[in-house]
Amino acid sequence: MGEESLRKRKGQDSRKEDGQSIQSEEPQTTNLQKQVGLISGICMIVGTIIGSGIFVSPKSVLANAGAVGPCLVIWAACGVLATLGALCFAELGTMITKSGGEYPYLMEAFGPIPAFLFSWTSLLVTKPSSFAIICLSFAEYASAPFYPGCDPPPVVIKCLAAAAIVVITIVNSLSVKLGSYLQNLLTAAKMIIVTIIIVSGIVLLAQGKTENFKDSFKDSKISVSSIGLAFYNGLWAYDGWNQLNYITEELKNPYRNLPLSIIIGIPLVTICYVLINIAYFTVMTSTELLQSQAVAVTFGDRILYPASWIVPLFVAFSTIGSANGTCFTAGRLVYVAGREGHMLKVLSYISVKRLTPAPAIMFYGAIAIIYIIPGDINTLINYFSFAVWIFYGLTVFALIVMRFTRKEVNRPIRIPIVIPVIVTLVSILLVLIPIISAPELAYLYCVLFILSGLIFYVLFVHFKFSWPQKISSKYT
């Protein structure tokens, strides 16, 4: 679908009666069904955000903050910022009730080019590579008990991670309800280990284990660069706060369940993160935490022995749950991009029997498997992660723009304008601080990759080179 049809769609939306939100008006006979309720929405947010990060390596925040006090403050502040960002997305999601996360909002506010660049970057780099990393983390924990005293072979880890991607892809291709139920189950499992760690920490505090909290702000690093990098790492652990906006079309009563899921889910994650870090500091000094390879495992070895095996088991559940939530939502972005003509048309197809965007999910899984083949891609993720906040900031800025350009659209939720202004400014800082504090060519390469999407946009969307669409349609 080219620019003309995109403008036509936008014109149809703008001519809708006052009091209505911007709805998807697809001529397709088969559409996504509303099968995700409030509980599943909360589980989707909590289950996607809480992955391996808080259990394995919260030390990156501590390393930049320098002390226990500012570390805990930053974890709480990151939760507040994630909540503010999610509230902005809640207004967008109830105003524009289309799946695909940032994609339809950028389309409505700025037109097809920023939306295409977002889908280009997300579909080929940030989403599938994050999916791959989460599954690699799962594979490391799942295979560790079979190789006591040594690291599992890389081949075993990669094969197990690929198998996890295949299973999750199949589950989410077969049924929305099955994927949603699996997410609920795994979220419940990860909340068990979260509860165990938090309760253990509370018991230790009640027993007087507070020595690591004395002079908690001593040796703290107070500088724009260090605090900015600490926020950067903390917010990475909160990534996933916008996941429900990817499945808006499948939410039951989105005007109620979208904001409620956000208001309940993200503060719950924030409280859990702060209490988990407090629990860590009851048994480890700052130095010991920084030296630990897997903080939760070290905690379990000291507190839960001989039942310390519970920690890696439930961390594996946690990571696979996060991977399932990521696949469930990111597959919808592929689907919406295909529906708008920014990806192959076959990716916009929905299974008639299963009512799932199966081709989009399988495409997403295949790209993720490709990212498993190289050795260590964590460095690649770190360099590209700042691109996420480019689009977060641009999307929230779109909310500000549409307050003036789309005044006629009904907004079931209308947040104070100061909130998107704050989130936009923080997003700009989060993008600039890593570049200023540690400038590297990798950031330039990332920007060049994003802009390279313009070449494909010009060829296949603007000039409508249709042979890829004909090839994809021929074999479907």
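Heads up, the Cβ atoms here are built off N, Cα and C, so glycines get one too.
The compositional bias 'Basic and acidic residues' feature in TrEMBL is assigned to 1-19.
Residues or ranges marked as compositional bias 'Polar residues' in TrEMBL: 20-29.
Positions annotated as region 'Disordered' by TrEMBL: 1-29.
As annotated by TrEMBL, transmembrane segment applies to 36-55 (among others).
The transmembrane segment annotation in TrEMBL covers 67-93 (among others).
The transmembrane segment annotation in TrEMBL covers 105-125 (among others).
Annotated transmembrane segment per TrEMBL: 155-176 (among others), in sequence order.
Look at TrEMBL and you will find 188-206 (among others) tagged as transmembrane segment. Same-chain neighbours of the transmembrane segment (188-206): 43, 46-47, 50, 55, 272, 275-276, 278-280, 282-283, 296, 299, 303-304, 310-311, 314-315, 317-318, 321, counting only residues six or more beyond its ends whose CB sits under 8 Å from a CB of the stretch.
Look at TrEMBL and you will find 260-283 (among others) tagged as transmembrane segment. When Cβ-Cβ distances below 8 Å are used as the criterion, the transmembrane segment (260-283) is approached by residues 38, 41-42, 44-46, 49-50, 54, 58, 68, 71-72, 75-76, 78-80, 82-83, 86-87, 89-90, 194, 197-198, 200-202, 204-205, 209-210, 212-213, 237-238, 241, 244, 289, 295, 299, 302-303 of the same chain, each at least six residues removed from its ends.
Distant neighbours of the transmembrane segment (303-335): 32, 44, 47-52, 55-56, 99-101, 103, 119, 122-123, 127-128, 130-131, 134-135, 137-138, 141-142, 144-145, 164-165, 168-169, 171-172, 179-180, 182-183, 186-187, 189-190, 192-193, 196, 200, 204, 240, 243-244, 246-247, 249-250, 283, 296-297, 343, 347-348, 350, 357, 360-361, 363-365; these residues of the same chain sit at least 6 beyond its ends, with a Cβ under 8 Å from one of its Cβ atoms. Annotation comment: TrEMBL describes 303-335 (among others) as transmembrane segment.
Here TrEMBL flags 355-374 (among others) as transmembrane segment.
Feature annotation from TrEMBL assigns transmembrane segment to 380-401 (among others).
What TrEMBL records for 413-436 (among others) is transmembrane segment.
The annotation transmembrane segment is assigned in TrEMBL to 442-463 (among others).
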